[in-house]
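Accompanying notes for the structure given below.
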Number of protein chains: 2
Amino acid sequence: MSTSIPNGSSVLEDEASDVLHEPLLMQYQQPLRLRRSQSNTTSQLAIVGSNLCPIESLDYEIIENDFFKQDWRSRGKIQICQYIFMKWIFCLLIGLTVSLLGFFNNLAVENIAGMKFVVTSNMMLARKFMVAFLVFASSNLCLTLFASVITAFIAPEAAGSGIPEVKAYLNGVDAPAIFSFRTLIVKIVGSICAVSASLNIGKAGPMVHTGACIAAIVGQGGSKKFRLTWKWLRFFKNDRDRRDLVTCGSAAGIAAAFRSPVGGVLFALEEMASWWRSALLWRSFFTTAVVAIVLRALIDICLRGECGLFGKGGLIMYDVTSANISYHFMDVPPVLLLAIIGGILGSIYNFLLNKVLKLYNVINGKGIAFKIILACSISVFTSCLLFGLPWLASCRACPSNLSEPCPTIGRSGNYKKFHCPPGYYNDLASLFFNTNDDAIKNLFSKDTDSEFHHSSMLIFFATCFFLSIVSYGIVVPAGLFVPVIVTGAAYGRFVGMLVGSNSNLNHGLFAVLGSASLLGGSMRMTVSLCVIILELTNNLLLLPLIMLVLLISKTVADAFNGNIYDLIMTSKGFPYLETHAEPYMRQLTVRDVVTGPLQIFHGYEKVGNIVHVLKTTGHNGFPVVDEPPVCMSPVLFGLILRANLLTLLKSKAFLRNPAPVGSDAFVRFSADDFAKKGLGHVDKVEDIELSEEEMEMYIDLHPFTNTSPYTVVETMSLAKALILFREVGLRHLLVIPKISGRVPVVGILTRHDFMPQHILSLHPMLMRSRWKRLRFRFPQLDKFI
Amino acid sequence: MSTSIPNGSSVLEDEASDVLHEPLLMQYQQPLRLRRSQSNTTSQLAIVGSNLCPIESLDYEIIENDFFKQDWRSRGKIQICQYIFMKWIFCLLIGLTVSLLGFFNNLAVENIAGMKFVVTSNMMLARKFMVAFLVFASSNLCLTLFASVITAFIAPEAAGSGIPEVKAYLNGVDAPAIFSFRTLIVKIVGSICAVSASLNIGKAGPMVHTGACIAAIVGQGGSKKFRLTWKWLRFFKNDRDRRDLVTCGSAAGIAAAFRSPVGGVLFALEEMASWWRSALLWRSFFTTAVVAIVLRALIDICLRGECGLFGKGGLIMYDVTSANISYHFMDVPPVLLLAIIGGILGSIYNFLLNKVLKLYNVINGKGIAFKIILACSISVFTSCLLFGLPWLASCRACPSNLSEPCPTIGRSGNYKKFHCPPGYYNDLASLFFNTNDDAIKNLFSKDTDSEFHHSSMLIFFATCFFLSIVSYGIVVPAGLFVPVIVTGAAYGRFVGMLVGSNSNLNHGLFAVLGSASLLGGSMRMTVSLCVIILELTNNLLLLPLIMLVLLISKTVADAFNGNIYDLIMTSKGFPYLETHAEPYMRQLTVRDVVTGPLQIFHGYEKVGNIVHVLKTTGHNGFPVVDEPPVCMSPVLFGLILRANLLTLLKSKAFLRNPAPVGSDAFVRFSADDFAKKGLGHVDKVEDIELSEEEMEMYIDLHPFTNTSPYTVVETMSLAKALILFREVGLRHLLVIPKISGRVPVVGILTRHDFMPQHILSLHPMLMRSRWKRLRFRFPQLDKFI
């Protein structure tokens with residue numbers, strides 16, 4: 001038997017919102033009949049709550065206890081209208097804020113990195129190469145140092161992409177402080193600095209995290225600390241609404257990062273969300289529509305030249321529209337080959353990234369100084385490569401009849417001068433000595449089939465592949481999308497150069513397909529990546545080829561290992577609940593996995609007992625059982641949450657004798673007492689002081705107990721219980737005995753009881769059974785690295 | 001208490017597939033331990049089945065009975081690989097077939113309708129107007145007559161769009177014969193004829209139904225009648241896999257109809273599917289990718305001129321790419337207005353269509369002759385309007401400097417000559433005297449801002465609006481997409497003409513936005529419509545405006561009534577299970593809705609009893625209860641399905657005494673005996689002949705009983721039980737008493753117990769409570785029409 005959520009788990013129930021969450025207004029007027037208690041107290045709007053703690057939170061379950069029922073009935077039509085109104089206002093707010101931030105982010109990166117390149121290029125022009133390198137490397141180092149210092153000291157949660165954390169949150173796992181205001185600020189500033197520092201990292205992942213942060217903060221309902229509360233905001237003090245907002249926020253993040261509103265919605269749907277409703281589709285669509293419209297307006301302003309030197313929007317949109325894309329059957333074999341190798345490369349990428357992350361975890365674990373030294377050394381190393389490698393390439397003469405100046409000096413362009421004489425350009429510098437966005441633009445551009453050497457492309461590909469793997473794990477906000485796109489583009493363009501004139505496709509299109517194959521091989525999304533690439537490149541005619549490439553590269557890569565975000569989540573130890581059951585779960589019954597002594601409370605429980613149990617266990621939910629003489633035989637009355645017990649203890653709503661508290665309960669408490677607390681607020685049993693006398697008193701738990709928790713019979717297979725647990729989005733699942741008459745409840749299942757690690761530790765013989773997914777495995781490689 | 005599925009319901013459980021459905025290969029080797037029976041019989045691959053009957057089918061529940069467990073353990077790695085291989089092969093097959101059919105469909109319509117217009121135009125040229133009209137009207141009549149006759153006589157299920165039926169099927173409601181081979185053939189042929197007959201109906205809806213039909217037939221696992229069975233196909237003899245295939249099929253249908261692969265996937269996701277998994281996203285994406293690639297190849301062939309006179313592909317793709325789409329803030333107000341009015345028009349459209357359908361149901365109910373007469377009169381009426389209305393328009397002089405010939409004679413083009421003198425064209429004829437596809441192309445085309453009169457556009461809009469409403473309900477396969485698009489385009493273009501030069505947008509773009517607004521107002525989808533329109537028009541730069549229009553028109557229309565497909569489903573009486581609970585469901589407990597006497601079987605049950613119960617009730621699931629002396633106190637052993645009982649009765653696996661049947665059960669039966677039957681195969685208890693002696697014998701139900709059905713306690717609110725029922729996809733939900741000791745089960749909840757009609761009939765006082773959705777209602781309008 002088990003009641004097992006480790007301490008630090010948070011309790012959460014999605015209340016009342018259930019009736020409210022539909023896009024259509026619903027109304028109801030009066031309680032049809034009241035049960036048990038007839039008192040019509042003044043209790044306010046419902047949402048029976050809980051406190052939020054370090055790890056884990058969620059469910060879509062409706063809590064049904066007398067207190068809440070009472071409270072729910074008192075809601076009026078106006079409150080529902082307020083709720084719906086606020087829901088859309090919040091989406092609007094999220095869309096506005098995220099698009100402004102995304103725009104600001106791009107503008108800052110463009111201008112900081114642009115200034116850096118202009119200064120360096122001017123020195124190169126004056127042939128002061130050493131000084132140029134020193135300026136380049138030291139400005140990169142300063143930016144990286146700043147980004148890593150603020151990340152390491154102020155908000156370590158802001159390091160990395162943030163997508164795994166947000167994905168885990170939407171699955172019900174609250175990593176601590178991922179949505180705090182600190183994290184948000186560090187994420188934005190750090191991301192700008194790190195990207196400007198020419199590190200091979202992206203800004204899409206941080207944008208997703210930023211969007212989710214904004215959504216979570218918006219949905220937190222103001223701040224008591226800063227006295228920013230508003231009664232309309234109380235409706236959102238529950239997990240379900242917060243999760244919905246965070247989903248919209250992450251969609252807005254992708255929409256702002258790539259100017260890809262539909263892709264953003266699909267990304268949130270396919271990759272981020274664990275539970276999805278069509279109402280959410282509509283709201284996230286609205287959010288990303290706001291992003292698209294605002295960005296469009298801002299770009300209009302920039303196109304009028306009001307955004308500084310490098311303010312041509314800078315928002316990624318690699319236009320590859322060319323009027324005459326035509327491809328025939330003979331173009332398919334090279335594309336297939338590209339997709340297969342891209343899939344293999346993607347899985348190698350995931351494998352290596354995972355290994356490097358493990359290594360970095362060891363280094364970063366040694367202290368903040370080590371973290372910062374690691375980040376700085378990667379920066380110096382990157383600067384050396386970016387500045388050093390172009391020297392390997394020989395200068396090439398500028399082609400005639402170009403529409404753009406050649407060589408381009410200072411500002412971004414396809415033909416960088418670097419150290420070459422006038423009239424010549426350095427093809428490697430055009431890729432390396434540029435922001436990633438400009439490099440991608442170069443690689444995707446058409447009519448440049450003869451711009452690059454084979455060797456340059458190969459060097460660029462290898463360097464990007466390597467750099468993006470070693471850059472991700474350092475202590476700065478860092479995304480994976482752009483590095484993968486740029487690496488894939490180099491790979492695709494190289495394939496295109498090999499295929500040469502045997503294909504109708506130009507090298508720019510090969511680069512797009514190469515990006516698709518590496519994205520598919522690494523991130524393993526389908527529809528969302530497809531739409532993102534289409535929206536990035538603005539060319540619908542490529543659609544069939546992109547679909548083909550994504551399908552093949554994902555299939556190939558899936559044969560080797562998992563999605564990059566899942567690997568990161570696993571390495572971070574998040575108890576992510578998968579949709580499907582592992583095969584061996586069908587062999588086990590729920591009885592086989594519930595462990596440990598079960599803590600049960602009685603309907604009228606002694607205060608001392610409650611305090612003792614809360615202090616000695618970390619459980620979050622406790623079955624409440626009525627025993628004789630209260631009733632004829634032991635009856636499972638329901639489930640009470642730790643948070644509610646703490647609220648009761650704090651309020652000292654005690655009784656001298658074990659007797660019903662009656663309607664008193666509804667007067668004494670308001671729904672706010674039980675509402676979900678803001679991010680990071682945790683009640684602790686140790687903070688509650690009780691006298692000896694109080695410890696001998698009783699609490700009537702009945703009005704605060706969820707009287708109809710979901711239950712399963714002990715003989716049900718674990719796989720079947722998992723379906724219920726996962727689909728309904730539960731946090732606690734009570735296990736009842738097959739044969740009544742014994743205790744009415746034999747255990748509680750929680751998320752942790754479904755984790756393979758837990759099950760395998762209980763049943764080690766399952767380890768030997770070959771139940772694992774069919775995948776090619778290379779154990780010797782693991783040993784080697 | 002209630003066990004209530006009406007007779008004719010089918011039983012269905014999604015078996016074993018649960019372990020198999022993930023995209024990744026899983027494997028397991030041996031049973032970890034065997035329970036109860038240790039016999040290692042030769043029982044084959046699992047999938048405990050049931051028979052499929054007229055109405056209702058589904059769930060995602062895992063059936064756990066000893067027989068199945070035994071069977072499941074005997075599955076090998078190779079069988080799982082076979083299953084996964086077949087899954088993808090089926091998707092490939094569906095994609096191939098649907099794209100070929102879609103292409104053939106388009107080609108046939110182009111050529112039949114094209115020939116008709118060429119012949120008529122030639123007569124017009126010769127100024128034989130009366131003869132031209134007679135030829136036009138009679139060819140339309142013949143085509144309509146043929147389509148309606150085959151529909152009415154051979155497959156009445158093929159009438160209409162088919163989308164509501166497929167949607168209901170994916171929700172778990174099997175309308176009879178919707179996926180039969182007959183239906184498929186009639187749908188294809190009928191749709192070609194009806195569209196060629198210039199009726200104002202579409203071919204997208206029928207394509208979706210066709211795709212779903214093909215998927216269902218492919219997934220049926222061959223045909224015993226035609227001896228087309230293959231042992232690999234047995235894996236798909238269950239509801240879950242069939243539903244998955246049908247989802248892929250409907251995605252392929254939209255993909256083929258609009259050349260919109262991503263839109264197809266999203267349509268299936270947003271509108272069709274009631275349960276969705278990410279694995280399904282991937283498979284449907286694969287299916288539509290196949291469609292996109294095949295269509296692309298076929299169009300290549302046609303572009304070489306090998307597809308007949310009108311074989312320029314004909315596949316819808318209204319290219320509105322224009323290099324310089326730019327719009328500013330001042331363009332937004334007219335677009336907003338367009339969206340709001342579009343939403344209102346959409347809801348009026350739905351309202352009127354619903355009324356007309358009710359009227360038509362009365363007419364069609366009077367007999368086949370009435371159906372056909374109705375169809376024919378609509379055809380004649382349409383021909384009169386199409387031929388007559390252009391005479392209202394005055395001839396206009398051809399503009400100079402056109403890239404295309406003016407007036408166009410015979411073949412499709414923007415400037416139809418009709419009755420005008422040379423050098424003049426008739427703008428109304430360019431719209432009316434054309435296929436719908438060409439009319440849409442005209443309306444969407446740019447640089448034609450001065451082509452149409454205001455009055456012509458208004459006449460065209462009004463006629464289309466009216467005709468599409470009266471044409472849908474007749475007894476031919478008829479879609480709604482294209483009529484709505486053409487009507488919306490006319491509306492949008494009219495708005496564009498009113499706005500005139502006050503906007504940067506050309507009239508063609510206004511027409512696109514108008515289509516979007518009417519689609520949004522009528523079909524109420526968001527992301528999928530957005531992507532379909534983008535893929536149709538091949539212009540990503542319009543995205544922000546289209547998103548805006550769709551959001552607004554959907555919001556406005558939702559304030560008045562529901563989605564058109566939901567209205568049609570309601571009028572057809574499908575018990576569609578909504579995702580959300582009605583507010584009053586929170587006021588009721590499950591005990592309040594379970595009705596009627598509960599039929600319970602004992603673990604060892606008399607054959608006579610079983611036969612009696614099966615004959616006298618229509619229930620599909622029966623609780624099995626063990627009572628003393630088998631055990632100490634009454635224990636709920638599990639749930640047994642009607643189909644399994646029938647299989648047991650047919651096999652005459654009877655015992656002389658109430659004693660365990662032991663391992664005998666596993667030898668006697670193979671999994672095929674319990675597998676889901678093909679479409680339309682129903683076992684009946686009346687067909688089983690039993691002797692008096694046999695009637696006195698016993699059956700041991702234990703090995704065939706699902707020992708761990710999902711249960712809820714009787715005090716749970718109906719809303720909470722609905723969440724479990726809907727999310728897990730159940731068919732039966734057992735209700736257990738709060739206090740044990742009485743009977744161990746108090747009722748069974750089925751889909752029908754959650755239907756508002758059922759609940760309101762039990763609790764009429766709920767009718768008076770104002771629990772309905774907040775919508776503007778016009779009861780006086782209902783009376784008036």
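If you go along the chain as it appears here, the first residue is 1 and each next one adds 1.
Here the Cβ of each residue, glycine as well, is placed from N, Cα and C on the backbone.
The structure displayed is predicted, hence computed values, not measured ones.
Taken from TrEMBL, the feature transmembrane segment covers B:85-108, B:129-155, B:175-199, B:280-299, B:335-352, B:372-393, B:456-474, B:540-560. Among the features that TrEMBL reports, domain 'CBS' is placed at B:705-765.
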Checklist entry - With an 8 Å cut-off on Cβ pairs and a sequence gap of 6 or more, do the transmembrane segment (B:280-299) and the transmembrane segment (B:85-108) reach 3 or more such pairs? => result yes
Checklist entry - List, by number or range, the same-chain residues at least 6 past the transmembrane segment (B:335-352) whose CB is under 8 A from its CB atoms? => result 465, 469, 484, 487-488, 491-492, 495, 505, 510, 513-514, 516-522, 545, 548-557, 559-564, 567, 781, 785
Item to check | Long-range Cβ neighbours of the transmembrane segment (B:372-393) (under 8 Å; 6 or more residues past either end) | outcome: 132-133, 136-137, 140-141, 143-145, 147-149, 152, 197-200, 360, 363-364, 416, 418-419, 426-429, 432-433, 453, 455-456, 459, 463, 467, 470-471, 474-476
Item to check | DSSP residue counts for the domain 'CBS' (B:705-765), split into helix, strand and coil | outcome: 23 helix, 14 strand, 24 coil
Checklist entry - Under an 8 Å Cβ to Cβ limit, what residues of the same chain, 6 or more beyond the ends of the transmembrane segment (B:129-155), are close to it? => result 112, 116, 119-121, 123, 177, 180, 182-183, 185-187, 189-191, 193-194, 196-199, 368, 371-372, 375-376, 378-380, 382-384, 386-387, 419, 474-477
Checklist entry - Taking the domain 'CBS' (B:705-765) alone, what is its mean pLDDT? => result 85
